[in-house]
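Before any comments, here is the structure.
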Amino acid sequence: MSDPCGKKLVQEISPTMSLWGLEDRHSCQGQPQPDQDPVAKEASASELQMKVDFFRKLGYSSSEIHSALQKLGVQADTNTVLGELVKHGSATERECQASTDPCPQPPLVPRGGSTPKPSTVEPSLPEEDKESSDLRPVVIDGSNVAMSHGNKEVFSCRGILLAVNWFLERGHTDITVFVPSWRKEQPRPDVPITDQHILRELEKKKILVFTPSRRVGGKRVVCYDDRFIVKLAYESDGVVVSNDTYRDLQGERQEWKRFIEERLLMYSFVNDKFMPPDDPLGRHGPSLDNFLRKKPLPSEHRKQPCPYGRKCTYGIKCRFFHPERPSRPQRSVADELRANALLSPPRTPVKDKSSQRPSPASQPNSMSLEAEPGSPDGKKLGTRSSPGPHQEGSTQTCAPAGRSLPVSGGSFGPTEWLPHTLDSLPYTSQECLDSGIGSLESQMSELWGLRGGSPGESGPTRGPYTGYQTYGSKLPAAPAFSPFRQAIGTGHFSVPTDYVPPPPTYPAREYWSEPYPLPPPTPVLQEPQRPRPRASGDPWGRVSDLAKERAGVYTKLCGVFPPHLVEAVMGRFPQLLDPQQLAAEILSYKSQHLSE
């Protein structure tokens with residue numbers, strides 16, 4: 001198929017372009033041109049197809065692209081065709097908007113013959129109208145505002161304009177300003193007025209209202225403008241803008257008194273700027289935004305952040321907000337003490353102090369240990385010492401009440417000395433720990449003993465968890481520093497049967513707060529023994545080091561946590577000596593019992 005100019009149409013090559021005459025109309029004018037190369041025709045067709053696809057992706061229909069290409073020609077560039085499409089599309093939209101069908105479609109009638117009720121669609125108000133309808137009406141005391149802006153000397157009408165503009169910027173539409181009518185008269189030297197033209201401009205906009213006044217017999221009769229202000233604000237449920245408290249009007253009607261107390265908005269002028277307070281009814285009242293609304297917005301009840309921050313020393317009594325503190329409800333000291341009392345094990349009834357502290361003469365200072373029936377000798381292992389005043393009730397036993405001291409061929413295991421239940425765990429009296437860490441150390445030294453034997457002979461110290469009983473126990477007493485009580489540590493060790501314990505280093509004290517007296521002179525042995533070198537595997541050395549270390553860890557932890565918690569956790573983990581790990585275990589133990 002050929003055109004009159006002797007040129008084949010491109011639509012034969014690309015059937016998708018058959019909608020339009022893609023020939024160049026301008027090329028047909030004049031002399032006929034020779035036929036182009038088929039490769040060139042195919043390239044031009046593919047380029048044209050790319051343009052068409054591009055315009056279709058932009059959202060234009062085939063008819064719009066057809067008309068634009070017929071008007072501009074195939075060789076027009078993309079920007080020119082796109083500009084034509086934009087113009088054509090905007091014109092089409094205007095035609096569609098102008099030709100909208102004014103008659104609505106008839107409603108669907110259900111079967112049964114009953115006519116449906118006409119659907120009444122409430123007109124949706126614009127967002128600005130909704131916002132303004134939610135705001136309260138504003139009634140401004142014009143005389144008070146103008147005199148305040150004029151520093152109580154000049155009636156400055158500019159102050160009224162500043163107040164009106166402030167409320168207009170917030171979206172208020174119902175604004176009324178009351179001014180006595182004599183203020184629009186010619187000003188006198190004794191009553192100066194500035195910017196008087198503002199009153200007339202606001203009156204034309206129906207914002208300002210002049211209260212009536214007249215002259216009778218050469219005298220001006222002025223109506224009380226304050227009554228106009230309060231009455232209109234009360235009837236319209238609005239807000240009064242004034243620094244006057246209207247005491248005389250509060251006494252006239254009880255409802256006016258309450259209304260003035262709740263709806264009076266005071267203000268200040270700062271460098272020609274109208275500034276009402278952010279809290280019109282005080283610190284604990286509503287915000288200014290909610291004060292000017294009919295329906296207050298829900299506000300976040302969040303306390304003001306504490307000005308001291310982390311340096312605040314008020315604790316839970318601080319009424320400000322601390323973001324660094326946990327959100328859980330704070331407990332008072334009394335509640336903490338009650339919770340700790342629930343965690344502590346039940347205590348046995350304590351007898352009188354006279355029964356707690358028996359006389360030294362009535363205290364037997366002996367401890368007998370029977371060998372097992374299967375032992376080869378079958379003898380009784382016993383150690384006796386003369387009664388002395390060096391023992392107290394807190395250091396008389398080496399095992400909890402109701403437990404006998406196990407003996408296995410003269411070999412003692414430290415793990416058998418430890419209590420296995422929480423109820424049998426000993427605890428230190430709290431009244432002995434109320435004096436601080438110093439009292440605690442003296443209490444611990446009294447319970448365990450810091451050294452044993454003579455000065456030339458260092459003995460191992462007893463650990464704090466071998467167990468001890470309360471005052472008044474009926475178990476046989478043991479010397480305060482006997483090696484049987486000091487046998488705590490890893491591994492077993494043996495004690496010779498003919499071993500005689502050394503005399504005590506410190507005499508007894510009647511009260512724990514008394515200082516230690518000077519130690520008695522040590523008797524000189526006739527046959528001094530040679531100091532035996534301690535082997536690396538000596539169990540006495542290991543026991544001594546372990547007991548000292550556990551005693552130090554216990555003392556440190558008791559300065560932070562209650563003693564019964566420390567004893568309970570260290571009883572559960574006898575081989576654990578790391579204070580940090582023990583502290584973590586104490587916290588977890590405490591949280592578990594709190595949850596219970």
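Keep in mind that glycine also has a Cβ here, set from the backbone N, Cα and C atoms.
What Swiss-Prot says about this protein:
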COMPBIAS  356-368  compositional bias 'Polar residues'
COMPBIAS  383-398  compositional bias 'Polar residues'
DOMAIN    135-290  domain 'RNase NYN'
MOD_RES   SER99  phosphoserine
MOD_RES   SER344  phosphoserine
MOD_RES   SER435  phosphoserine
MOD_RES   SER439  phosphoserine
REGION    24-44  region 'Disordered'
REGION    42-87  region 'Ubiquitin association domain'
REGION    81-150  region 'Necessary for interaction with TANK'
REGION    92-134  region 'Disordered'
REGION    112-281  region 'RNase'
REGION    214-220  region 'RNA binding'
REGION    278-306  region 'Disordered'
REGION    301-454  region 'Necessary for interaction with ZC3H12D'
REGION    339-415  region 'Disordered'
REGION    447-467  region 'Disordered'
REGION    517-542  region 'Disordered'
### Message
Which sequence-distant residues neighbour the region 'RNA binding' (214-220)? Criterion: at least 6 residues beyond either end, Cβ under 8 Å.
### Response
182
### Query
When DSSP states are grouped into helix, strand and coil, how many residues of the region 'RNA binding' (214-220) land in each?
0 helix, 5 strand, 2 coil
### Non-local residues, at least 6 beyond the ends, that sit with Cβ under 8 Å of the region 'Disordered' (278-306)
134-136, 138, 170, 172, 237, 239, 262, 264-266, 312, 318-323
### Query
What average pLDDT does the predicted model assign to the region 'RNase' (112-281)?
87
### Query
Per DSSP, what is the residue tally for the region 'Ubiquitin association domain' (42-87) in helix, strand and coil?
37 helix, 0 strand, 9 coil
